[in-house]
Amino acid sequence: MAKKPSIELPPFEIPAGYALIAGVDEVGRGPLVGDVVTAAVILDPNRPIMGLNDSKKLSEKKRLALFPEIQVKALAWAVGRCSPQEIDELNIFQATMVAMQRAVAGLRIQPDLVLIDGNKIPKLPMEAQAVVKGDLRVAQISAASIIAKVIRDQEMEALDKQYPQFGFAKHKGYPTAAHFAAIEQHGVIEQHRKSFGPVKRALGIE
């Protein structure tokens, strides 16, 4: 079967007149376990970072190399999250919006403009704009995606040490065959998202 041609998106032109621009991205909407993690990053135009790209398109080695560089060179960065309990109460979309609000609120410098990956934006006290495929088109969003991805992966590796039978270090909590098999054999843990279908089925509440 012929491979679908990839659609080239035009470079995103950042609107003029904004001095402090934050990029925001999330990691962890799809997993069955753990927090949804977001990051907000304001880059320093005088300290460029080479090699920024969507965290999912970078090797783990490259992400881990860029992670401290972003932390050191950025004017400001912050992480926001929502717990599995909050996800179950709010739903994953609303929880992601809240986590993004928390990330932006955590910045030590207030941005003039916030650029958010995707097509939805949370309510924020400053101007914000959604950017489709922003993690590929906007350096600030790329940096945020790397921060969020590395932090969430580290948290899954820590959870793996607590519950090695689930294999969280490998699948990062995503709904893989190995994760389903572990749930079937060992049940669910406190950090599982009880509102997600496979977890509900394992608990017999669907």
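A Cβ is built for glycine as well, from the same backbone N, Cα and C atoms used for every other residue.
Cβ neighbours within 10 Å of D117 (divalent metal cation binding site), excluding its own Cβ and spanning all shown chains: 26. Summarising the annotation, Swiss-Prot assigns divalent metal cation binding site to D25, E26, D117 and lists similarity to another entry as the type of evidence.
Annotation source Swiss-Prot lists domain 'RNase H type-2' at 19-206. The average pLDDT computed for the domain 'RNase H type-2' (19-206) is 95.
Report note: the divalent metal cation site is defined by D25, E26, D117, and the residues of the same chain whose CB lies within 8 Å of the CB centroid of those residues, excluding them, are V24, V27, T38, A39, M100, I116, G118, G134, D135, I141, A144, S145, A148.
For the recorded site, D25 (divalent metal cation binding site), the DSSP three-state label reads strand. Each of the binding-site residues D25, E26 was scored by how many other Cβ atoms lie within 10 Å of its Cβ, and the smallest score goes to E26.
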